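In Swiss-Prot this protein carries:
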TRANSMEM  16-36  transmembrane segment
TRANSMEM  38-58  transmembrane segment
TRANSMEM  75-95  transmembrane segment
TRANSMEM  101-121  transmembrane segment
TRANSMEM  129-149  transmembrane segment
TRANSMEM  150-170  transmembrane segment
TRANSMEM  202-224  transmembrane segment
TRANSMEM  228-250  transmembrane segment
TRANSMEM  261-281  transmembrane segment
Amino acid sequence: MEKLKALIEVTKPKQTFLLMITFLVSYIVARGGADFNFVIAAISMFLAISGTTAINMWLDRDIDAIMPRTRKRPVPAGILKPSECAAFGAAIFAIGQVLAFLVSLEFGLVVFFGLFFDIVVYTILLKRKSPYSIVLGGFAGAMPALGGWVAVQGFTLPGFIIAAIVLLWIPSHIWYISMHYEEDYRMANIPMYPLVVGMERASWAIVFATAAMLVLAASLYVLLPLGIFYLVISTSAVAFFLYKAVKFALSPDRVKARKMYKLASMTLGLVYFSLLLGVFL
């Protein structure tokens, strides 16, 4: 039972759930509802995200063992062997990848590039070397949203915008939490952007990304037949977050950074919830 719990834990259920929300909503907006293809695509994406995350946990086991925040994870804690974590991640990703190509070639490519950007670009090449790691690695986090659209409509502009909203949100998600746990990242020698350039400069980078996110959220109202509820809720949520981000940037604080991290997740959730309202109301 402990092994099963550990296998579930290495997929980071909360993170996977949030990414699946972006996929599910994107698919429903593209289709106008759900169908049988939706079930196959959803299973595929869930397995792909979970597998990629487990592989990531395997690769990061050494730095996870250093940071107090992560040292109790299954692999550094010794509950799972590194080989078990790697094999589990690779197996479920492979199943997800096969299912993805059954949905469509385009969807299969999106799933593959999700793994590529997360594992190769972010974790292996950039995370331990560059403060700009999430700028390119962040593309992985946007792939589920893009995949939801591509599974239905292929590669068209609205899908890229829906994915770009997530991409622009990622700096707030990653950098705020790295500000709060600054000492952990220093101990593990991870050159996160806020640690290298300072909290103030990183905070203003988040402000600019959020401002662009607001523009893209509004543009979807023009491009897609979404109701007024979408426009009001999405732009209000992002505008409020932008206000709080500016306020934080004027006076950065490690304790408040955790609150901003949580607010960032709520903001993205509201944007995607408003997309659903826009389709059905």
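Just so you know, glycine gets a Cβ as well, placed from its N, Cα and C.
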Which one of these stretches, 38-58, 75-95, 150-170, 202-224, 228-250, has the most C-beta pairs shorter than 8 Å to the transmembrane segment (101-121)? 38-58
Given the cut-off of 8 Å on Cβ pairs that are 6 or more apart in sequence, determine whether the transmembrane segment (261-281) and the transmembrane segment (150-170) share at least 3 such pairs. yes
Would you confirm whether the transmembrane segment (16-36) and the transmembrane segment (150-170) meet the contact rule of 3 or more C-beta pairs below 8 angstroms, pairs 6 or more apart in sequence? yes
Within the same chain, the residues 6 or more beyond the ends of the transmembrane segment (38-58) and with Cβ under 8 Å of it are 7, 10-12, 15-16, 19-20, 23-24, 27-28, 31, 64, 73-75, 82, 85-86, 88-97, 99-100, 102-103, 107, 111, 114-115, 118-119, 123, 140, 144, 147-148, 151
Distal contacts, the transmembrane segment (129-149) - CB-CB under 8 A, six or more residues away: 19-20, 22-30, 41, 45, 49, 52, 100, 107, 110-111, 113-118, 121-123, 156, 158-160, 162-167, 170-171, 173-175, 191-193, 195-197
